[in-house]
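Participant: Below is the structure I would like to discuss, written out as structure tokens.
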Amino acid sequence: MGKISSLPTQLFKCCFCDFLKQVKMPVTSSSHLFYLALCLLAFTSSATAGPETLCGAELVDALQFVCGDRGFYFNKPTGYGSSSRRAPQTGIVDECCFRSCDLRRLEMYCAPLKPTKSARSVRAQRHTDMPKAQKEVHLKNTSRGSAGNKNYRM
């Protein structure tokens, strides 16, 4: 994963803007052509560069950027009932610090999204999540018979 504002990228932006300013002028000198060639070389070298390694704070910052509010794991989450005899687990440091990794690799370490509750489900939850004592009282009151303002338990 490349850095967002790398030196070759900044150099290309600067060179490209300067070149556009110079194009309006009909006179082109060899220094202008050399400057343009240098810019193109910087652009192609940054475009063909492989993914970089991320370690320490840079790795944590990249994970926070990619995962956002979900959070992230340093080891890949495993399923339930995984065997203790399994092979040693590799983590994000092994994959992105000791070797280079890309954006997809970083996303594999993001925590899953937590489902959000809608307003309707919250209202339904209020009714169904009454404390047990209140439910019992409510059930007792509804099970009473009514015979002329006298309440009898059935």
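Cβ from N, Cα, C; glycine included.
In case it's useful when we look at the structure, here is the feature table from Swiss-Prot:
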REGION    50-78  region 'B'
DISULFID  C55-C97  disulfide bond
DISULFID  C67-C110  disulfide bond
REGION    79-90  region 'C'
REGION    91-111  region 'A'
DISULFID  C96-C101  disulfide bond
REGION    112-119  region 'D'
COMPBIAS  126-139  compositional bias 'Basic and acidic residues'
Participant: Within 10 Å of C96 (disulfide bond) (Cα-Cα), which of the disulfide-bonded residues C55, C67, C110?
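Facilitator: Those near C96 (disulfide bond) - Cα within 10 Å - are C55, in sequence order.
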Participant: Across the region 'A' (91-111), what is the average pLDDT of the model, as a whole number?
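Facilitator: Taking every residue in the region 'A' (91-111) and averaging pLDDT yields 90.
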Participant: Under a three-state reduction of DSSP output, how is C55 (disulfide bond) classified: helix, strand, or coil?
Facilitator: coil
Participant: If you measure C101 (disulfide bond) to C55 (disulfide bond) at Cα, how many Å is it?
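Facilitator: Here the two Cα atoms lie 11 Å apart.
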Participant: Could you state the whole-number distance in Å separating the C-alpha atoms of C55 (disulfide bond) and C110 (disulfide bond)?
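Facilitator: Each residue's Cα considered, C55 (disulfide bond) and C110 (disulfide bond) end up 17 Å apart.
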Participant: Around the Cβ of C55 (disulfide bond), how many other Cβ atoms lie within 10 Å? Please give the count over every shown protein chain.
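Facilitator: The answer is 11.
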Participant: Within 10 Å of the Cβ of C101 (disulfide bond), how many other Cβ atoms can be counted across all chains shown?
Facilitator: 22
Participant: In whole Å, how far does the CA atom of C97 (disulfide bond) lie from that of C67 (disulfide bond)?
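Facilitator: Cα to Cα, C97 (disulfide bond) and C67 (disulfide bond) are separated by 18 Å.
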Participant: Which site among C67, C96, C97, C110 has the most other CB atoms no more than 10 Å from its CB, taking these as disulfide-bonded residues?
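Facilitator: Going through C67, C96, C97, C110 one by one, the largest Cβ count within 10 Å is at C96.
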